[in-house]
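What Swiss-Prot says about this one:
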- 108-301: domain 'ATP-grasp' (DOMAIN)
- 135-185: ATP binding site (BINDING)
- D252, E268: Mg(2+) 1 binding site (BINDING)
- E268, N270: Mg(2+) 2 binding site (BINDING)
Amino acid sequence: MAGRSGRTFPRVAVLMGGTSSEREVSLSSGHSCSAALRDAGYEVTEVDAGPDLARVLAEVQPDAVFNALHGRWGEDGCVQGLLEWLRIPYTHSGVLASALAMDKARAKEVFAAAGLPVTQSVIATPDEVQAGHVLPPPYVVKPNCEGSSVGVYIVQADANGPPRLAPDMPRDLMVETYIPGRELTVTVMGDRALAVTDIVTDGWYDYDAKYRPGGSRHVVPAELPAEITDACLDIALRAHRALGCRGISRSDLRWDESRGAEGLILLETNTQPGMTPTSLSPEQAAHCGLSFPEFCAWMVEDASCNR
């Protein structure tokens, strides 16, 4: 039944912050979404998620939760399981899809089984990566269960030896063949792939390029041949469905133009994409005619348990 605002879930708790390496990104997303939801007519409570989250939610008693958490605990199925246990409808993907997408190796297995184009990769420890080339260069080394390009190393084709890693790298690292070309991304909203964005940078699309002002330029819609645009949209939608995602997701791809459609590679699918007004997914929604408050409101009205 709709509340006084005409909304199914008039009182919303926005989860943000948390304890992962992506805390600052999450706070930015959370504050932006809170403001947008207030503009859309919701009563919003901001919640900096911590170990006392169950108690806080019991006190707040929201009709639904908007999950603006990023990284471990927030997008790996943990908080999703808590919300289902508490029977609070929530946004974005459920337990299984969130856990699969956060584990890059498991997600790749799902993608490959679905016939989606992925690149060669292996899982290795930091000691193994530093002892010798795990794959022929060029290749990329990154944590298997992190986002926002945290802890990413690129080993060039002419590298003299393996990379020297930071001492705090996690135990499980994904090492994958480096794919040259353009960085493309597609947001899926429900059962619709919105658009293709071409991410233009001076180098690797790392944490600074993603979040530093002027670090990258987003071209939406991407200037691509029609067949490549269609293929990107199709791959993102199939990836969303293969993982069992709900709400929105964003799939990142690389395109080696010299190989035509065969040069498209799916890198990963993010179940909790960045959510500031200038983030990639809201930009694509705006291209499709949805304001940021409308985009956030759609996610809240899509909320449910057992996702």
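Count begins at 1; order follows the chain as displayed.
Using the three backbone atoms N, Cα and C, a Cβ is placed for every residue, glycine included.
Keep in mind that this is a model prediction, so the values were computed, not measured.
Here the features listed in Swiss-Prot are placed on the structure.
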| residue | record | DSSP (3 states) |
| --- | --- | --- |
| L135 | ATP binding site | coil |
| K142 | ATP binding site | strand |
| Q156 | ATP binding site | coil |
| P163 | ATP binding site | coil |
| P170 | ATP binding site | coil |
| T177 | ATP binding site | strand |
| L184 | ATP binding site | strand |
| D252 | Mg(2+) 1 binding site | strand |
| E268 | Mg(2+) 1 binding site | strand |
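Shown in sequence order, A101, K104, A107, S251, D252 are the residues of the chain, 6+ apart in sequence, with a C-beta less than 8 angstroms from the C-beta of E268 (Mg(2+) 1 binding site). For the pair Q156 (ATP binding site) and N270 (Mg(2+) 2 binding site), the Cα-Cα distance reads 26 Å. Just so you know, the Cβ of L184 (ATP binding site) picks up 25 other Cβ atoms within 10 Å once every protein chain is counted. Counting every protein chain shown, the number of other Cβ atoms lying within 10 Å of the Cβ of T177 (ATP binding site) is 16.
Taking Cβ-Cβ distances under 8 Å and a sequence gap of 6 or more within the same chain, the neighbours of P170 (ATP binding site) are P143, N144, C145, E146, G151. Counting only same-chain residues six or more apart in sequence, the Cβ atoms lying under 8 angstroms from the Cβ of L135 (ATP binding site) belong to Q120, S121, V122, V175, E176, T177. For the pair P163 (ATP binding site) and N270 (Mg(2+) 2 binding site), the C-alpha distance works out to 26 angstrom. L184 (ATP binding site) sits 13 Å from N270 (Mg(2+) 2 binding site), taking the CA atoms of both as reference points. When pLDDT values are averaged over the domain 'ATP-grasp' (108-301), the model yields 92. Rounded to a whole number, the C-alpha distance linking K142 (ATP binding site) with N270 (Mg(2+) 2 binding site) is 15 angstrom. Of the listed binding-site residues, namely K142, P163, D252, the sparsest CB environment within 10 A is found at P163.
Comparing the binding-site residues Q156, N270 by how many other C-beta atoms lie within 10 angstroms of each C-beta, the top residue is N270.
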